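Below you'll find the structure I mean.
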Amino acid sequence: MFTPVLRFTVHRPCPLLSVHPSRCLVDEKFEVLCQHLLPALQVTLHALLQTEDGDYWEAFGHYLSDAVGSVRVSEDASLGGSYSGVEPMGLLWSMRPVPGSKTGLRLRKKDVFKPTDVNISLYEGHLNEGFKDKHPLASVVAQRWYTAPEVQRVEVKEKGLKGTLFIPPGPGPFPAVLDLWGGGGGLVEYRSALLASRGYVSLSLQYIGLTGDDGKPCIVGNDYFEAAFSILKQHPQVCPDRVAMMGLSFGVSVTLGMAAYSSVIKPKCVVCVSGSHVMPVNGSLADVFDEIKKNVKNSRFDEEQRVIWRDLLLPIPDDSSKKVEMGRIKCPVLLIVGEDDQNWPTSESAEDMKQMMKQAGNSHLLTVLSYPETGHLIEPPYSPHIKASNFILHETRNKVVVLWGGHTVPHSRAQEDSWHKTLTFLEQHLYSNDRVASRSNL
Amino acid sequence: MVATSRTLSTRVWPLHLVKPTRGLVDEKLKVIVRNLNPRQEVTLRCVHQDVWEGFGHYISDQHGTVTVAKDASMGGTYKGVEAMGLMWSMQPVPGSRKGLRTLSTRVWPLLLVKPTRGLVDEKLKVIVRNLNPRQEVTLRCVHQSEDKDVWEGFGHYISDQHGTVTVAKDASMGGTYKGVEAMGLMWSMQPVPGSRKGLRLRKKHVLSPMVFHISVFDGHITQGFSQLTALATHAVERWYVAPGVQRVYLQEKGVQGTLFIPPGPGPFPGLLDLWGGGGGLVEYRAALLASHGFVSFALEYLSSEEINAPTTDVKYFEAAYQILKSHAMVQKDRLALFGLSFGSTIALSMAAYSKIIKPRCCVCISGSHVNAVQRTLSETFQEIAKNVSKIRVEDGQVIWRDIILPIPADPSMKIDVGQIKCPVLLVNGSDDQNLATVESAEDMERMMEKAGNRHLLQVLTYPGAGHLIEPPYTPHHRTSNFVIGKDKVLMLWGGQAKPHADAQEDSWEKIVAFLQQHLYFTGSQAKL
């Protein structure tokens, strides 16, 4: 058997790299630990993953081992790299495409039943590039999942709907969430998969970019969402009086509109991420699109030709016929807002919504989480911050680069904080017994 | 409503229609089941809040249809043609409290289990929230083994004033374990009532996880779980391998076994993993050790015809050690021996006498140095067979611990542990009924004291623990079936569940730390 000449002698350090736990849901933390290095050794910890599209994303931090030759990411400060300071999860949220990648990429999981294997490697020295040509001291795999074991996935096609239902394991019945993504269109499943892993039947609904029976693009009306809500309510594994709605971006317009006006949709609570209430009273999605199209001249571009759309709905109208009447909403509302949102005027909208509800006397239902230096795409925790990305306009099929906004560190903190508060909010309103009316921190 | 069949000879895809799905309580229900097999026996059951049930026994017609309004129920909680029998005949399920009226407070408990995918030696966090305050619940963990036996562990809890149960902090008041036991649901597992006798839970296919289902039930239940509906259930995977661990089956130079290699460029420290007299190829511990950073070689040395040839002796183990040492992914100067039971005896013998095997350290679980030295395996077994009169049988359980007692004074009957040059960690259970390990350890201490190498020995003795000290949270087996030649006996291993579980948890942590200390040291710590 061929025996290569070993570079290591008995006196050469034998470093031990470990990640714990090695298998996690994507919203769970891990600990990366290096041991048995020489003391005060410069090392780089590097994380690498390959997406389903074949792109590579990486993050890295520069560390100095302590007096006993250890580096513990949750306690030690990174001295540089894609993140700095004491950042337990910096190796994930600071990821970006490796040099030489295509531009304008976004990291989004398609097959939620396959894990993402993140390779975490330890290199000697403080490196900034050329990782794939260097030989690491050690390497381990951290596996990240969007689904807990035995979460079920069911395609929904009835009543002209297009969506995916995720069902938690167990007999049920469970509370449920109607999950609406934004203007990017398509069917985005990963947030629903994660909600199901946390105990909610979750229906991820496609509602933008659909084609009608004639093959032409169509914009769905309010009855589409009412049908979706009804299907969810009537599902044998769903508690019919514990159904919530969660929307991001355009999904917020739908969520607030339905909560205020629909006689069919009566959510127990709603979560609105990065959205606005500006839309004609009792209007539909088509109305929001029209409003935006009218103002498309208000698009701006930054120094890198990335399009800023936040002005398209500004100024927030004083005319109350042009906004959802927030006073009509009867359920708790959680608003999540990034103050550096360059895509929608979410801060201004949130402020206006607050005023409307104060005047109407239902502001006790409103909770606003407003995050400084945070952009539009507030995703599940530890997802990389996407400041700008490629976007295809639906009708013209033109490709633009959209500026979403935000700065990486505060945006990542916002993702982590808002997700945990979202889960707490959902649990409080969908799982708690009514007698436990006021709860302190969970 | 659920239609369940008693025997299925052809898979059916029944369509059951219930109408209306929302009605006033004084409206009639229409219940029809279609697409069964013709003349299929089915039960229709109506359940309310997991506590009330009504059910009827039906036989489908020649089209495979049951129409409740027209067909006669032949048994259950009502008989005859009863359109609404499923409702009015409802009664509390077996095991319910007496004199119930319909429950009006429904709970929606949130069961939290973390991690949902973990290594077998990681702790589980189990919390139940949003119960009623002071609600009696049962937490149950169930697993179906590769042999299709069903194992269960369960605890009885009472929620606090917020309706929360935290397994790591609250005391179980009954079930298969009592007291505050974070991992009691795992280590107290036992075969469900009606199972075969003498079972042992051991994973064969280590690249796939063990799947457990953890459920919370209303009330303090001790049996009949499969007839009840849980308030909530989670599926949990427990793995012997971390992601990226490779498994390589080796057949080289007459040696057979499985190599487990950690992820990464390597090279890594390595160890030879030796099981006991049960024989065969046992992989799970080597897989788990590879998940902690060691190339681990699970060696098969008993049971295959080629291996059991009369000449299987020290050369077999030396060849195995050489294969490990010269492997590209192994650091040749950072090797250890790891044994259990007879494997420990082999490890001690190699460490003392072999010119080729020079481990940095040895871990010996439930072993003894009492062994006729320098012989072939079959000669050794023959020697043991001479003492067959010392074997006791009590209550049908075979006790082997007296075979090596009294510990001989004659040095030719014992491995000369005074010649060992590396640190040795002994792990023993005081209630070992299979091998007199505690007495052996005491004798080894005396020998090493005399020889001047006592400082190399570390002994962990666990009161109440038996012979089979396995990785943590493995259920304790006080007895199990054991095959000797053509006979199957019930072997007494010893130990009691709780102290044995504590021993497994504590010893594993110390074993892994010991291996890391001696195999992963930096250069400046090389001196022992």
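Glycine is no exception: its Cβ is also placed from the backbone N, Cα and C atoms.
Automated prediction, rather than curation, is the source of TrEMBL annotations.
A quick note: this is a predicted structure, and the numbers were derived from the prediction, not measured.
Pulled these from TrEMBL:
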- A:223-431: domain 'BAAT/Acyl-CoA thioester hydrolase C-terminal' (DOMAIN)
- A:Ser249: active site, charge relay system (ACT_SITE)
- A:Asp341: active site, charge relay system (ACT_SITE)
- A:His376: active site, charge relay system (ACT_SITE)
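Could you place these features in context, so I can see how deep they sit and what lies close by?
Taking the Cβ of A:Ser249 (active site, charge relay system) as centre and 10 Å as the limit, one finds 25 other Cβ atoms among all the protein chains shown.
DSSP assigns A:Asp341 (active site, charge relay system) to coil in the three-state reduction, placing it in neither a helix nor a strand.
A:His376 (active site, charge relay system) carries neither a helix nor a strand DSSP state and counts as coil. A:His376 (active site, charge relay system): 28 other CB atoms within 10 A of its CB, across all protein chains.
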Applying a 10 Å Cβ distance cut-off over all chains shown, what neighbour count does A:Asp341 (active site, charge relay system) have?
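So the Cβ neighbour count for A:Asp341 (active site, charge relay system) comes to 28.
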How big is the Cα-to-Cα gap, in Å, between A:His376 (active site, charge relay system) and A:Asp341 (active site, charge relay system)?
5
Roughly where does the domain 'BAAT/Acyl-CoA thioester hydrolase C-terminal' (A:223-431) sit in mean pLDDT, to the nearest integer?
93
How big is the gap, in Å, between the Cα of A:Asp341 (active site, charge relay system) and that of A:Ser249 (active site, charge relay system), rounded to a whole number?
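A:Ser249 (active site, charge relay system) has its Cα 11 Å from the Cα of A:Asp341 (active site, charge relay system).
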